[in-house]
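The structure appears right after this line, and notes come after that.
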Amino acid sequence: MENRGEKNSVYPLNSYEVHPRTKPTRVFMFIYLCGIIALLYHHLTSLIFRSNHLLPSILLLIADLVLSFMWVTSQAFRWCPIRRKVYPENLSKVVKEEDLPALDVFICTADPYKEPPIDVVNTALSVLAFDYPSNKISVYVSDDGGSQMTLFALMQGAKFAREWLPFCRKHNLSKRCPKVVFNQHDSDHLQLDSLDEFQKIKTLYEEMTRKVEHVMEQGFVDDDMIDNEKERQFFIQWKVNDGFTRQNHPTVIQVLMESLKDVGVSGTPLPNLIYLSREKSKHIHHKFKAGALNALIRVSAIMTSAPVVLSLDCDMYCNNPQAPRLALCHLLDPTEGSKTAFVQFPQRYRGINPTDIYNNEVTRPFIINPEGLDGIGTTNYVGTGPFINRKAFYGGPSQSNVNIFPGFSGDEGDLDRTTMSSRLILEAANKVADCNYEQGTNWGITLGFRYGSLVEDFFTGYRMQCEGWRSIFCNPKTPAFLGDFPISLNDSLVQVKRWSVGLIEVGFSKYCPFTFGTKNRSLLMGMAYGFYAFWPIWAIPTIIYGLLPQLCLIHDIYLFPKVPDQWFYLYAYLFSATYIQDLIESYYVYGINFKKWWNEQRMWLIRGATCYSFSFIEFTLNRIGISAPDFSLTSKVIDNEQQKRYDQEIFDFGVESPFFVSLSIFALINLISFSFGIVKVIFMDGKLEEILVQLFLSGFVLVNSLPIYEAMVLRKDGGRMPTRVTLISLLIALLLCYGAGFAMK
């Protein structure tokens, strides 16, 4: 282990060790690479000298080239994975409590019906209760839906915070999200001195929840729900603007709690809580979430300008109140802290079923790969959970004197923030939140979150690293943040499709990691980010290997070497070695059980047949101008029936989705192919050694498709496959089976 902190201080803040699997993995890389070269040699010689079926052979070569490309680029993650430790107990010995940097927290929401305001309030309360000086915390909630219901919920949350925050600190609660604490069956785990105090706080929370739910049912905030004239002024913009809609409204900024003015029931100062709904116009593109975050950067720079920024999704509550101190163990590191753009905590989720049937944890991109990226100093920004050095939004580590406020005589350092809710401060904040403020500036280009991709997090973190910043992955035993996740297959695939479109936008831009990233940072960084940028091309080998051998088998076209042939063993080695290595990494190194690992592999196939393929189509249509980019929100509203099926580990196919048509076609073609192969071997004197590989591929997809067949035929619940989807898929599958013979021969 190399302990960097010990080189510079008696009290180290962090250390790391290179993962012990690194050296054997590098040996395996060399052996596997030799196998890939041999396979490509076999393809070329077969095409030149022995190809009887030219089109299928070319398609298989393309599939193997893509698989080889993705394998080679993915080795950047395995080159030097590291694991870190932090020593927050030493932080107080390095920096005094009063000298800790201020923290601005950004929480984004956009639709009160998909992202319930009460959940937004719970997230805000959990971070307001950080184990950190209250007067140094400012929480900004960006409401891109311009919803008075969300503002009302936060207003009620601010009232509840006066009781909740002192309660958390008095009893040193390890979990500080009210919903989580009060969902427990009893309060024994809290070890409280007074159960009456707990019941009082719980009653206040339930009263707040009832008020918020009542307003949501009404769809607006009426005067009966407002206690005084000050609160009534909060909603004046909705009263005086008849044309106030989510896509067309003025800026709304409301200071709901101010540290210099508001105190809790214990008499201690409360953190700052600010509601922001930036101005929107139908005539100016709002740049989705990236635009909302840039408005937050500017408004917060006017109002508080904390040197450290935390960005959170509205459903990602704090699970570890020590999180800011853990991040500061890296950001305040005397050697590397000034060069660190952000410290990324992994996305973790609560309520994942034991086998994670939809692979919502996305363990490899969110936990395994970041350890490899951390080894080369380029951990990727994954949208929620990073503590960011504010300077990283304004340019490279050595850049200074950047004017982030065009149109102002001075910079943000000249503003008097003695009273955050003063007229001058609010006027300036409103000005920088105007929808046309960015026009003619570098915002979204070299300042703030970068525009040009639906995955603004990935793109922005990548651009920061190309400017010379480094980033760090921090994965404590107690997850820093926990969030919600899609509990239906369709929602999960929609989410991954949006990610895939955004990633491929980066891959085909002038900032392509293989060129721009390699030139400005390193080859390993270019490979790793290139792997992500071209993530959707997994669709190519999935479609080819998932359909081509099966259709050829139906028409007596044999594409692979016979069993005794030496090339057969090469195919067997490459397939089995890939899966065995992945299983070893997942099961033995990261403790992922076999069923969860199997579901992860199944979801890789499902995504290849659905959202990866559809993302290609959507990206192409966007590029040629037929459609516009669509930032689809994943619904956070819980359906009880869906939740019940998810808890029982039953796949949910209960909507008529194009994804399920594509998926059903794959499943049916492989079922037909496997059945045909078995019949051929048993009843038609077929030679098993000739069709073994194709029969195996059909059987492999068939086994992975068992939940699909069950949903088509056996199930009667609301998550069954819709009859219309089954019939359409069956018709297309039969047409493909019939027509493939004409195309392949």
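Glycine residues also receive a Cβ, built from the backbone N, Cα and C atoms like all the rest.
Annotation comment: TrEMBL describes 27-48, 54-74, 529-548, 568-592, 604-626, 659-679, 691-709, 721-744 as transmembrane segment. Taken from TrEMBL, the feature UDP-alpha-D-glucose binding site covers LYS114, GLU115, ASP144. Per TrEMBL, the feature active site maps to ASP144, ASP457. According to TrEMBL, the Mn(2+) binding site annotation covers LYS289, ASP313.
Remote same-chain partners of the transmembrane segment (721-744), defined as residues 6 or more beyond its termini with a Cβ less than 8 Å from a stretch Cβ, comprise 53, 55-56, 547, 551-552, 554-555, 557, 653-657, 660-661, 664-665, 668-669, 672, 708, 711-712, 715. Looking only at the recorded positions LYS289, ASP313, ASP457, the one with its C-alpha closest to GLU115 (UDP-alpha-D-glucose binding site) is ASP313. Sequence-distant contacts of the transmembrane segment (659-679) (same chain, at least 6 residues past either end, Cβ-Cβ under 8 Å): 489-490, 493, 546-547, 549-551, 553-554, 606, 609-611, 613-614, 653, 686, 691, 694-695, 698-699, 701-702, 705, 708-709, 712, 721-722, 725-726, 728-730, 732-733, 736-737. Of all the recorded positions listed here (LYS289, ASP313, ASP457), ASP313 has the Cα closest to the Cα of LYS114 (UDP-alpha-D-glucose binding site).
The two recorded residues, ASP313 (Mn(2+) binding site) and ASP457 (active site), show a Cα separation of 12 Å. Here the binding residues for UDP-alpha-D-glucose are LYS114, GLU115, ASP144. Their largest Cα to Cα distance works out to 13 Å. Here the transmembrane segment (604-626) has Cβ contacts under 8 Å with residues 359, 489, 493-494, 496-497, 500-501, 504-505, 508, 535-539, 541-543, 546, 658-659, 662-663, 666, 701, 704 of the same chain, all six or more residues outside its ends. When Cβ neighbours within 10 Å are tallied across all protein chains shown, the highest count among the binding-site residues LYS114, LYS289 belongs to LYS289. With a 10 A radius on its CB, ASP457 (active site) counts 22 other CB atoms from all the protein chains.
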